[in-house]
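Quick notes on the structure that follows.
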Amino acid sequence: MQGTPGGGTRPGPSPVDRRTLLVFSFILAAALGQMNFTGDQVLRVLAKDEKQLSLLGDLEGLKPQKVDFWRGPARPSLPVDMRVPFSELKDIKAYLESHGLAYSIMIKDIQVLLDEERQAMAKSRRLERSTNSFSYSSYHTLEEIYSWIDNFVMEHSDIVSKIQIGNSFENQSILVLKFSTGGSRHPAIWIDTGIHSREWITHATGIWTANKIVSDYGKDRVLTDILNAMDIFIELVTNPDGFAFTHSMNRLWRKNKSIRPGIFCIGVDLNRNWKSGFGGNGSNSNPCSETYHGPSPQSEPEVAAIVNFITAHGNFKALISIHSYSQMLMYPYGRLLEPVSNQRELYDLAKDAVEALYKVHGIEYIFGSISTTLYVASGITVDWAYDSGIKYAFSFELRDTGQYGFLLPATQIIPTAQETWMALRTIMEHTLNHPY
């Protein structure tokens, strides 16, 4: 599975041993350098029926894990994308062919895209340093994003502040930007990006969005009305440990970095660790699974920090969790096929939002409830938000539909952010105009 080089060390029971393991893991990562994916391919499989979907699902249970689902088996109408290590390609292709599963090669060599990505980042970093600037059209490390946050807050202190809502498993600060024009107990909107660490386009979109808010306040009537009446909170790096690991070691890491005594594999899927429907369909009890839900609801500090903050605030009216990829806008439920009580309103709002998004660059999104549009998923952010009384709960899946997957070129950051902004603006305006 992803992260195998870091997954074979068993932590001891004491805090001292845990610190020792973390130090050892850091040293090991530094010594080994970034994982190499030369020859790894992303295959796209189109299942004809539920039986073929089940055959694809069986691949996740193989030990050791032989595939990494980028888009898992959901329904026959949706493609399944999976990364296959070079060493497993022959066997996996033979498995697909023997069961009559048609496939195509979406990405011929993942390492080629990774090399291009690193070269683009290095070039951008040199330019930023020489001009003492920050590029919104480039990807950045955790350290660079946190440095930008400090500068951003200092430059726009009249409207933006920084709040630390907790610490990650590896003791990174969990930071939230608060956009506010003052006043007490304003109703609020929550936006988070990067809960799955390899989805870099989401962090970049969040950063651009933050800058858009301060740039357009006072100029864009809709945004100005929103911010005069409501506060906006943006968590740019929801999974800081995992995100740092995607830069230092494994670009394709999804989960957080929590470790537990006696468990060989590292990390929990933070979007399966919420209380609503915890442990149900669409999550996994196997710690080595990419959708491992963790030992208990909100066991992960990254999730608990959000729950505690939103609950203590008590006046959030919308929550928007931004993921990639697939070009979708969805609302609850994920764990149930039954519609929520205000399903018609959410459907109409999602329709308006994707229409606004489409007008920017002509990118098409599909929309609907999570369980009927994508797949059944339990213990997810938006289900928890909705069950906690946040009426307008949405989840984005940003660009693209599989040509690059999680390795979306930096040249697409700005257009992705621009179109996403129009959808966000639509949702926020509706929230403003429909108080509850």
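Note: Cβ is positioned from N, Cα and C throughout, glycine not excepted.
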Swiss-Prot has H196, E199 down as binding Zn(2+); which of H99, H313, H323, H361 does it also list for that site? H323
R254 (substrate binding site): nearby recorded positions from E199, C265, C288, H323, Cα cut-off 10 Å: E199
Spatial neighbours, same chain, of H323 (Zn(2+) binding site) - Cβ under 8 Å, 6+ residues apart: I195, H196, E199, T202, N271, S395, F396, E397, L398
So, three-state DSSP: helix, strand or coil for H323 (Zn(2+) binding site)? strand
Whole-number Å value for how far R198 (substrate binding site) lies from C288 (disulfide bond) (Cα to Cα): 17
Which residues in the same chain, at least 6 apart in sequence, have a Cβ under 8 Å from the Cβ of R198 (substrate binding site)? G242, T246, R251, L252, W253, R254, F406
